[in-house]
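Have a look at the structure below, then the notes.
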Amino acid sequence: MMRAVTLAALSALVVLMIGASLLVGYAPLRPGPALAALFGQGDPLTVIVMQDIRLPRACLAAVVGAALGMSGAAMQGLLRNPLAEPGLIGVSGSAALGAVIALQTGLAGAFALALPLTALVFAAGAVALLLLLAGSRGGSLTLILAGIAVSALAGALTSLVLNLSPNPYAAAEVVFWLLGSVADRSMEHVSLAAPLILAGLAVLALTARGLDALTLGEDAAEALGVSMARLRLQVLVGTAAAVGAATAVAGAIGFVGLVVPHLLRPLMRARPGALLAASALGGAAMVLAADLAVRLILPDRDLKLGVVMALIGAPLFLHLIFRTRKELA
Amino acid sequence: MSALTLRGLTVRRGACPVVDAVDLSVAPGEVVGLLGPNGAGKTTLMRGALGLIAADGVSSLAALPPRARARAAAWLPQNREIAWGLSVADLVALGRLPHGRGGTPADRAAIQGALAAMRLETFASRRATALSGGEQARVLIARALAQEAPLLMADEPIAGLDPAAQIATLELFAQLARDRRAVLTSLHDLNLAARHCTRLVLLDKGRKVADGAPRDVLSKTNLASVFRLDAALIETDAGLVIDPRGVLA
């Protein structure tokens with residue numbers, strides 16, 4: 001009962017946040033004409049602002065947040081560890097490396113989607129490397145270790161590219177991209193990332209029963225009819241598709257995958273399967289809210305979403321640790 | 001039809017067999033106690049029988065597809081893992097996973113029955129992780145009961161329980177057997193095994209060394225050769241009592 005109420009409340013929150021995201025922005029627009037412009041009615045300039053600037057931004061914030069939230073919940077469920085997060089498997093680091101290389105080599109300017117496509121290729125490469133290292137027979141520990149290795153390698157190569165950067169302006173461009181943002185993206189970005197993210201989320205949704213059973217440990221879950229090899233593969237592939245695509249278009253946005261499942265776990269009575277859908281909605285709401293904060297706090301300083309997210313996320317996480325500590329005492 | 005049939009089950013770790021060509025059959029109505037010193041291969045035998053680890057030989061359970069196997073046998077591992085703070089009722093409900101989407105009247109009846117059998121009704125809404133170790137053990141047994149499989153395989157289910165809970169659990173196993181279900185459980189308490197099991201199987205270094213009525217398996221020679229125990233066997237009006245008096249060199 002509480003579960004249905006929570007999911008309904010979260011859905012309402014996401015709708016509310018998308019509405020706010022469409023109505024708040026640099027250009028002061030009144031709600032009536034703004035919503036009409038969304039459907040191509042009224043002043044052509046307003047139509048451009050709504051359809052080409054605010055709509056893709058709101059869509060991206062929502063799907064990126066859903067990707068990060070749900071894959072965070074899936075990773076925590078798979079590893080039975082509340083500290084797990086989607087970045088752990090190295091896919092986001094590798095996608096970022098791809099983007100950085102695209103920016104440095106000038107490939108990013110070649111055509112509109114060159115940057116996100118390069119990032120996606122690198123994310124796919126990371127998954128292939130992970131499967132090679134951890135295999136479908138490797139345990140969860142092998143998966144984490146392989147993920148850490150891939151992350152470290154991607155991080156080192158990203159630093160190398162920055163290190164060898166020919167001029168400070170190019171380096172600054174890379175650094176700004178790495179901070180993460182959903183501003184100034186087009187509907188092409190949405191149509192590139194959204195299908196992949198939704199496919200990833202669909203795969204993750206299949207893991208709900210397996211993650212529930214895993215509460216009892218790997219042996220008990222296997223004896224309950226859950227194939228651990230398949231469950232690991234589903235979480236890996238789902239997370240890779242969702243987070244790889246999210247990072248490819250929005251850069252690295254941290255803390256969502258870590259904090260959102262934490263916040264919602266008590267409301268879903270701690271059941272890891274039920275937490276998946278809730279975390280998708282919660283993640284979407286949180287990234288939409290952070291993206292609103294970006295626009296409201298310092299509208300003319302191009303504050304980056306990833307920065308604000310970490311500024312919101314870190315204290316929230318501290319609070320959660322504090323609360324957990326009190327519960328344990 | 002037997003609940004479990006093993007023929008020549010062998011599990012190797014490297015070249016060395018941890019379970020060595022064990023034949024075993026468990027029929028409905030039996031509570032079979034699996035005895036043996038630490039490292040005798042009790043856990044490995046049961047995991048191999050379930051198909052959780054690679055094994056040579058024939059196991060009727062390991063041959064089944066995963067979902068069918070989960071309906072044929074419930075497995076209660078020795079390490080009592082509860083990863084998240086689920087409520088006791090939600091945790092017990094996990095036993096219903098092999099039966100479909102859950103929430104049917106049969107599911108609710110099975111969960112209620114399992115909670116009642118382990119005397120956990122008043123705990124139903126408590127968080128499982130906030131309970132004591134022994135209480136968690138009872139919750140996990142209830143989870144396995146809720147699975148309502150014809151065979152229950154339990155690895156040292158009563159370790160760490162208080163004496164009353166130990167006896168109550170074994171009496172519950174006897175009740176399951178009277179309901180034409182079967183139980184295979186590893187135990188360390190020889191007296192409880194003698195009193196509550198219908199049959200005992202003695203393992204030593206991966207080999208089955210005895211299989212039969214408790215009185216025959218718990219002989220003075222077996223206790224000496226397998227457990228290195230110098231024990232007195234005392235006949236009382238409540239049955240056989242084993243009184244270990246010392247460790248043999």
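Placed from the backbone N, Cα and C atoms, the Cβ positions cover glycine too.
All TrEMBL annotations are machine predictions without curation.
Remember, it's a predicted structure, so these values are computed and weren't measured experimentally.
Annotated in TrEMBL:
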| type | residues | note |
| --- | --- | --- |
| TRANSMEM | A:60-79 | transmembrane segment |
| TRANSMEM | A:86-104 | transmembrane segment |
| TRANSMEM | A:110-134 | transmembrane segment |
| TRANSMEM | A:141-162 | transmembrane segment |
| TRANSMEM | A:231-261 | transmembrane segment |
| TRANSMEM | A:273-297 | transmembrane segment |
| TRANSMEM | A:303-322 | transmembrane segment |
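Just going by CB pairs under 8 A, the stretch in A:86-104, A:273-297, A:303-322 that sits most against the transmembrane segment (A:231-261) is A:86-104. As a quick check, the transmembrane segment (A:60-79) and the transmembrane segment (A:110-134) miss the bar of 3 or more Cβ pairs under 8 A, pairs 6 or more apart, so the two do not touch.
Contact counts against the transmembrane segment (A:273-297), taken as Cβ pairs under 8 Å, peak for A:303-322 among the stretches A:86-104, A:110-134, A:141-162, A:303-322.
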